[in-house]
Each structure stands twice: as structure tokens, then as C-alpha cells.
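Enquirer: Sharing the record's features from TrEMBL:
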COMPBIAS  30-55  compositional bias 'Basic and acidic residues'
DOMAIN    110-183  domain 'Cation-transporting P-type ATPase N-terminal'
REGION    1-61  region 'Disordered'
TRANSMEM  160-182  transmembrane segment
TRANSMEM  194-213  transmembrane segment
TRANSMEM  353-379  transmembrane segment
TRANSMEM  391-418  transmembrane segment
TRANSMEM  851-872  transmembrane segment
TRANSMEM  878-900  transmembrane segment
TRANSMEM  925-949  transmembrane segment
TRANSMEM  978-1002  transmembrane segment
TRANSMEM  1014-1035  transmembrane segment
TRANSMEM  1047-1065  transmembrane segment
Amino acid sequence: MEKPQSPEELMATMNELERQASPRGPRIRYAADSREGERGGNRLDRMRSRSRDSISIHSTRRSIDPSIALPPQFRTLSFSIEEGKRQQAIEDEKKKAHAKPDEIEFGSMDYHTTAVDELLSRFQTSRGSGLTGTQAAQLLKTIGQNVPTPPPSRWARKTVTYLFGGFGSILFVAAILVFIAWKPLGQPPSPANLALAIVLLLVWVIQASFSFWQDFSSSRVMASISGMLPDKCIVLRDSTQQQIDGRDIVPGDMLKISLGNKLPADVRFIEVSSDARFDRSILTGETMPLLGSVESTDVNYLETACIGMAGTHCVSGSAWGLVLETGDRTVFGRIAKLTSAPKGGLTPLQKEILYFVGLIVALMLLMIVMVIIVWATWLRKTHPDWITVPILIVDCVSVAVAFIPEGLPIAVTASLTITAQIMKRNKVLCKSLKTVETLGAVNVICSDKTGTLTRNIMAVTEYLVGKEPGTALKSAGDYPTEKGLQQLARVAAVCNEAEFDASTVNAQIADRKVLGDATDSAILRFTEGMTKVSALRAANRSIFKIAFNSKNKFAINVVQPEDETSPLLTIKGAPDILLPRCGSYLNKDGFVERLEKHDRRALESMKDFWSSQGRRVILLAHKPLEALQFDSAAQPREYELDIMGRASAELLLVGLIAIVDPPRAEIPEVVRILRGAGVRVFMVTGDFKLTAAAIAAECGIITQSPKNIEDVTSLAFDDDYLESAGIEKSHDHSEVRTHSIVLSGADLETLDESQWNKLCRYDEIVFARTTPEHKLRIVKELQKRELTVGMTGDGVNDAPSLKQADVGIAMGSGSDVALEAADMVLLDSFAAIVEAVRYGRVVYDNLKKTICYLLPAGSFSEFWPVITNVVFGLPQVLSSFLMIIICCFTDCAAATAIAYEKPEADVLMRPPRNARKDRLVDWKLVLHAYGYIGMIETVCSFAMSYWYAQRQGLTFSSLWFAFNNVTPNGLSTDEVTAILNTASSIYFVNLVVMQWFNLFAVRTRRLSVLNHRFNWYLPPAIIFALLVAILFLYVPEFYSVLGTSTVPVANWFLPMGFGMGVLLLDEGRKWLVRRYPGSLIAKMAW
């Protein structure tokens, strides 16, 4: 035998395979794939369509196919039932307290385990006559028609939320109050008040519109549910078969089911033909029809074959069923209702915005109450002409306007949408805006192996027949002389679902297109390299197949060899499952030898050796079938049970095959970057532990040497306990800072809460031999420990874990069900996850920058003119109308432009934010915005305004505590008003111009703005602010009505000096933060 391939030879082979393969490569064909032709268009067209509408996830989004939307919920409930049954003996009461109502109800159903006669008695019906007409009519009246109840539209509640949520209610009340201050309280009515009221009303409507645009929680499944149920059905009533409307069927009816019928309700089969099969893909997403049975085949109500579910249909044979549940009480109805229900709770960003709104409203109400108290206790009595009731209303509204950053909702929505568009250009498709905001907090990514971390282009590298290994490259030369290898080729050819595409069957083997999953494809190419697979299949006619599944981990094909009288059972699967079932083995020369203990040890050793090299090992075996009692066509259920029993022992081991699926070249660097960003990458795979650990080491997920990798025994005791007991661990953790562990799915089922707590603290984890149920549990356990989890997956059964994860991540080549369940789709490769995490953090950073930009001028600097007006008797040096203009026009465009800021250099060098503790607006940001930038802008604006008035002859001393008793030196009232209007406009211009420089200052939080890439959206935003200011200050139709005024040229340039000072001061602050990271200034940095 030849020695195994060297790594160089192996990589060369893989590169050649990858070069010849299609861009996506072969993949498992799921239910959605088989229906692509019916829906029209190829997969690329559908992906492009999905890309185009991916950003706007609103109620107007594309309609959802229930066959894609329902399976994730079905699988989640099924896994939950099985998990509940496993834990029932230990924590039955605890499970009932915390499980969802639907999980409890499904888990406690006994329709499938109860005898048929007892069910007939329970429903007061009979097998021969069915219900009476009277019974049916009474049940229909009591239970209702067999139709799903559409979910409530909730439009009234949503509309109220859109209009009055957040700052909406304050803006609405403020607009109404200003309208009242205009008329009837205004004597005479002030046009400025009317303009202010109209602008407030417009801002209120715009904010509501953006709230509506951002709402992507809607029920889109129920709309197409009614079309999934049949119009007519045949039932047995009053001893006669009657065709009735499907809506009038009731529990207790005897339903006749024929080929092509769609089930209108949930039924228990009481009679089934031998070939009765039912397509459940609408619920499960799996194309393989389920063989019907009268007896229960599974303790799980959702998985047993004796229950027929509404919405599924009969694809062969016939049956009679007892109707159990109708309408919303069917499995179909309940899952549709769960799927259609809007997502509950607030997203992390919504919570942060609510916290910020609460803070601002509390400050606003405090100031308003203070203004009212000052007016009621002092000004109303001492200076009754200073603030009248209409002016008081406008002053209170001015306080509200000053505190509320009206541009924030618009900026937030724009920021999220813009970031999603940027990610889309980086081949990352975010299906909702929630995904964008959550990505920045992800601290654990659980990644599938095959196709995600690896190329999913598998190749057979070695094989073993008897106890002698050989290489795949030399197998063709050895095939003619080795009888054992010929038997291996036969089993590999017939127990294989992969096929060569007819259009490429005459091409070179490496150039042929293969239809089938990657493992079967690799074995098919390996076998074709030795002999014609088509000839082997023709000589071994298939009789009966049992497909591979994640529970059994093997596949069976019963064939009839043309040169033998007895059928032959061929089986292929995981060695750890099948090797204990083997009683003998085939040696190199084709002779059968008994499998002794030392032989098993040798096979285990070879399997472990290959696995430690990252190979996936497959065992192939067969067994002649003698004295079969059942016919595969007439009695498929009994035949399957017989075959499964015969496959449980005394198999003849034909050989082992080693398959390699090397990691993608970019994966080690991706893992290194994510680890540097504080994101732990865990591998979750169905492979053997040694294989998984080897691939994880190649990917960089495991960095420790094998002797330092721990297993489940390390979770049994705390380190302190072992040390106190005098037990030393096998390696020194004082030298090894990174803790690594490899666990199997079976290990996970034994862990208690304390062990999960310890496990979740490990730096590097590989979960091997896992099932979809394990993946779901892993996500839930990590989330229970306040970790923000991203989970990758591509199969139908991965949908529950994708949906449960904080960010479900599907590959673009995944099944439609997985794509629907996921929050994010990587259109190219897993490497795009780096950009996803980067921009997930950038959007959060940019939102902080947006708020930090809006608060100084749009809140703090607007508040003080109102307070000085009320408390110190000064004129309100910034009108309420100009406050609105700053918030909604001059600052809003710039705030939106901040969303286009590129990531700072250190964005992937710091740990992810804690979504449960880190605030979007914390005391550091408030101190910077109010106490630093806001204070400078306010002082400068006041100084500029009153300096202008001073130069015009209106001294500050004449205004201080004047309370409208101004004593100007020879100035008329109109002249005083004109001077104050110009001073107000100067205050406005000063804020607008200084904000231009603040805009550049907030572009970075720690780095110098000179080291940051220029944002070319900023100049247009500045020009827009300038044009808005000119419009309201220099157009006569506006300034004559709104009380604004033209501003001297000098007052446009002086604020630029102030703004430059702000920018330079902030650059100095950032330098100190970088230079002295442990200083007080650094700790106070926002």
C-alpha cells in the first residue's frame, strides 16, 4: 500500500477540485431547492431580488411563503418537546413553569400514544358510522369553523405609537399650546407663533413617518394561510360518505384521505394503506415523504407518523383518519399564529433611545416646572406685563423645544439604513435594522464547520480495507487485483445519493458536476475513479432506502445484486455508531474474518489518527438479508422496522474512507481579527471530536496544544476544589492563559447549571457530534449567561438556532428556510463577518457621535436663552422658531452625514460593548456635550449677541433685570426690537457656524481627526446648513414675518475663530486620552 498523501499533494488536489467546481459548489438539496423551478427563476435571480428589498423590512415587504416561514417554528417546538422530555424526570415542575404554553401543550398531548378505540370513545364517534349530523352541527356551533383566525391588525395601537411615542406626544402638545397662544390668547395674534406651531406640527408628522418607516414587525404569514387548506373533503357521517366544505369539519369526524388530498385538520390515522405517504414539507421543510402508520413511531407528537397534520398532503396511498383538532388548535394553526405574532420587547437600541428620552423629558419637565413656579410666585405679581399667559405658554414650549433634539429620530433611522447599505456593498445582507445595531454587541460567534469554515469541496484521501490503508490516488491501480477494494467500491456506489449531472457525464471526473451533498459527492468521485458507478448501480438494483439523519448518523440502501438470490443491506455512516454493530470484517483479499478486540482497537486507532489530521471518517458495511418476512412495497413500515433491527448487529465491515475538507484560506486570519476584537469563535459541528479539534486548530479556533485541551471532566470540579484536594491538573494554567475545551453532544446532555457557567468562561470551545437540538440549547445557555450570540447555519434543522440567536447568520448558499430564519446573510464567504462586526460597532459609535453633535446646539445652547429670559429679565436672545430650525434643518443634514463616517482604526481592537450595561448616552457623553462643547458654544453665542447690542447702543446693563422696562439711550421701541432681532439671528448664526467645527471634532472619539479618512458628505451638509440660514435670515418674506434679521458679515467670520478653538481644544483632549490612557481625562472621555 502507498503512504498517505503529503499535505502539499493534498492541497494541490483540493485546489484543482476548487478550480473545477462551480462558484457555489454542490450542496444538499432541500425542499426549497426542489421547488425553485415552480416558483420561477434561478437561485441567483432570487438572491438578487432578496438583496434589493432587504433593507426595507416593513409591512410592505415581499409576501412570505408559509413553507419557508413555518418550518423554523415547527423545529423549535419539536426540539423543545424533546428537551422537555429529557429533563422531565429531573425538573418537571421547573420546565412547566418556564416553558412556552405551546411547548407544554404539544408535549402533553397523548393523541398519538392513546389506543385508537379509546380515542373513538373519547370523541364519541365510531369507525363504521362516524358522527351523526346532529353531533357535527352542535360541535360546529360550539368549536367554530375550521379556519385560522387572522391576527389582530393592531393598526390603531401602532398608529398611536407612531404619533405619540418618544418625543411625539410632547411635540403634539407643544404645537397645540402654541396654536392656542396664537389664537385666542394672542392679542393681537403673533405670526411668529403661528409659524412656530406649524413647524412643530410638521416635525411631529415627520417623526411619526420615520417611526412608521422603521417599524418592521408585521404579520405576513396569515395572509396566505387560508390558501394552504382544502376547500372540500370527504367524511363519514351517519354511516355514509359525504363531501363537505373543509371549513365545516369538526373533531370526531372520520376523514377519508386519498392520493393528492390535502389534510384540512389534524388527524390520527386509524387505517392506512401500505404505501400511504405524506408530504410534511410545509411544516418541516424536508422533502422526504413520511410513511403513514396506525401505531405511534415517536414519543414526540410532532415527529410521530401516526398523526396527520393540517396543511400536509397525501402523495401516495390512502388512509382514514380521526379528526383531532381544527382551526387554530391544529399544529399548523398554532405554528402559523406563533410565526405571525409580532416580535415582543424592545431592541437594544430602542431601550437606549427610551432611556435617553426619559432622561431628556425628566430634565425638560423639571425646567418647565421651575419656569412656572418662578412665574406664579414672582413674575406674575412683581412684573405682570413681562410674561403674560400666551408668552408663558410659548416659554414652556421653548423649554421643550430646547431640550428635545428633534432631528434625532430621523438621524437614527438614516444612520441604521445607511450602515445596512454599506454592509450590503460588502456582501453582508442585513434583513432588518435591528441586526445592524445588535452586531456591535456580539461577543460569541458559534460557527458551523462544513461550508462555513471549510471549502465544502471534499475529497477522499485515504481508505482502509481490512487493516491495510491505501491512498485514493493509487486506488484505481489496486482495484483490479484487490477483492476487498472491489467490495468497498460496490457499497460506496450503491449506498450513495449523489449523482453525476447528465450534461457532464462524459467529462473528466474532476470536471463533472455532481448533484448531492459534499460527502456523497466525494465518495462518488472516489468510486468513479476506480470503476463505473453506473455499472455497479445497474448490477445492484435498489429496493429500499433509509435516509441519513442527524440522530441515527447513518444511511441504508437495501439492494438486490443480480448475481445473488438474497437482498443485500448496505450501510454507510459514522464509525463510532456503526463499528460496535460490526461482527466481522472483509480483508484485503475479500475474505471474511471475525472482528476481535485487537482488530477493533486497530480500527479505532486508524480512525483516530485520520480524525486527528482533520479527516472525516466514514464506515461502510453490508449484510446479506435472509428469510425476510415483509415485502418492501406492500408493507413498508414493517419492512423498515425489520431492516433497522437487522442493521443493529452483525454487520460485515467493508472498509473505512477518510475525507478531507480543508479550511478556507482566509479563516485563520478572520478568527485572529475577531479574537482581537474580543469576539470568541466557537465551532459547532456534527463531526467526530478529534476531527473537529484538528480542523479547529487549522482554523485558529483552538490555539492550545492537544495536551492542554480540556474535556468534560474538567467541568466536574472547580479548580479550587481540586487544589484543596491535592490534585494537580495535567497542565499549568499559570503558563497557559487561554483555556480550550472540546465537548461532544453527549457531554452537553450531562451538564448542570454550574458546569454550563464554567464552560461559558472558556476562551476556546469546540462542540463536536452535535445535533440541531444541541445547537439550539447551546445558544440558549450562552444567552442565559448574558452573552450576545451569533450563530451560523445553512440547513432546515438549523433554523431554530438561527432564530433563537441574537444574530442568526446564514450563508448565501443555504436553504430557503435557513435564509428566512436568519437575521443576516453572508453572500460571499465567512470572511465577511469581520466587516459585519466592524460596521455593527461603527453604527453604534456613529450614533453616539450623532447625539454628541446634536446636544450642544440643539439642546443646551437653546435652553439658556429661555432661562435667562424668565429668571433674569433679559430678552429671549434666541427665538423658539430659530430653535426648531437648528434642530430640524441646519443640524439634521450634518447629523445624517455622520452615519457615513468610516470606522476608526481601533474599532476592532477593543472589546464589544455590553448590551445590558453600556449606555448609548451615559454621563460621559452628557458631560462632554453639555459641560464642555455646549458651555463654550453658549458663552460665545451670548457674548456675540450682547456685544452686537452693546455696539448698537443697547447696553447689557439696561437689559439686565429689566423685565421689559428697557431704558435705551435715545432708541425707539422699533429700533430696540430690530436690534434684538438681529442679536437673536447672530446667536443663531454663531451656533450654526460653531457646529460646523463641532461636526469635525465629533468625527473621532479618540483618534486625531487628521488621521481619519475624510467624509465627503460633510461639505454638502455644511452648505445645506448655510443655505437654510440664508433662507430664513435674508429673504424678506421670512424675516419680516418671523422676527429674524440679516446678520453683519463680521458675525459670520468671528464664530469660525470660536469653532476652530473648539476643534483645537478637542484635538488636545484626544491627544491626552491617547497619551495618558489611565488619566482622569481618559476616564471621563466619552
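A Cβ is built for glycine as well, from the same backbone N, Cα and C atoms used for every other residue.
Any TrEMBL annotation is an automated prediction that lacks curation.
So that I understand the layout, could you describe where these features sit and how close they are to other parts?
Expert: The domain 'Cation-transporting P-type ATPase N-terminal' (110-183) scores a mean pLDDT of 83 in the predicted structure.
Counting residues 6+ beyond its ends, the transmembrane segment (160-182) has Cβ neighbours under 8 Å at 189-190, 193-194, 196-197, 200-201, 203-204, 207-209, 211-212, 215, 353-354, 357, 360-361, 364, 390-391, 393-394, 396-397, 400-401, 404, 406, 408-409 in the same chain.
Within the chain carrying the transmembrane segment (353-379), a Cβ under 8 angstroms from the stretch's Cβ atoms is held by residues 166-167, 170, 346, 386-387, 392, 395-396, 399-400, 403-405, 408, 412, 851, 859, 863, 866-867, 870-871, 919-921, 963, all 6 or more beyond its ends.
For the transmembrane segment (391-418), the residues of the chain that approach it from at least six positions outside its boundaries are 55, 166-167, 170-171, 174, 177-178, 180-181, 185, 193, 196, 200, 203, 206-207, 210-211, 213-214, 349, 353, 360-361, 363-364, 367-368, 371-372, 375, 433, 436-437, 843, 846-847, 850-851, 854-855, 858-859, 862-863, 865-866, 869-870, 876, 880, 883-884, 887-888, 891-892, 895-896, 898-900, judged by C-beta separation under 8 angstroms.
Tertiary neighbourhood of the transmembrane segment (878-900): same-chain residues 192, 195-196, 199-200, 203, 206, 394, 397-398, 401-402, 404-408, 410-411, 414-415, 418-419, 843, 846, 849-850, 853-854, 857-858, 861-862, 865, 941, 984-985, 987-988, 991-992, 995-996, 999, 1002-1003, 1015, 1017-1018, 1020-1022, 1024-1025, 1028-1029, 1032, 1042-1044, selected by CB-CB distance under 8 Å and a gap of 6+ residues from either end.
Long-range Cβ contacts of the transmembrane segment (1014-1035) within its own chain (Cβ-Cβ under 8 Å, at least 6 residues beyond either end) map to 882, 885, 889-891, 893-894, 896-898, 900-902, 985, 988-989, 992, 995-996, 999-1000, 1003, 1042, 1044-1047.
Remote same-chain partners of the transmembrane segment (1047-1065), defined as residues 6 or more beyond its termini with a Cβ less than 8 Å from a stretch Cβ, comprise 933, 936-937, 940, 944, 948, 982, 985-986, 989-990, 992-998, 1000-1001, 1009, 1033.
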Enquirer: Using a Cβ-Cβ cut-off of under 8 Å, list the residues of the same chain that are 6+ residues beyond the ends of the transmembrane segment (925-949) and lie near it.
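Expert: Same-chain contacts beyond the flanks: 848, 851-852, 855-857, 859-861, 864, 877-878, 955-956, 959, 979-980, 982-984, 986-987, 990-991, 994-995, 998, 1001, 1048, 1051, 1054-1055, 1058, 1061-1062, 1065-1066, 1084-1086.
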Enquirer: Would you list the DSSP helix, strand and coil counts for the residues of the domain 'Cation-transporting P-type ATPase N-terminal' (110-183)?
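Expert: Each residue of the domain 'Cation-transporting P-type ATPase N-terminal' (110-183) counted once, the result is 43 helix, 1 strand, 30 coil.
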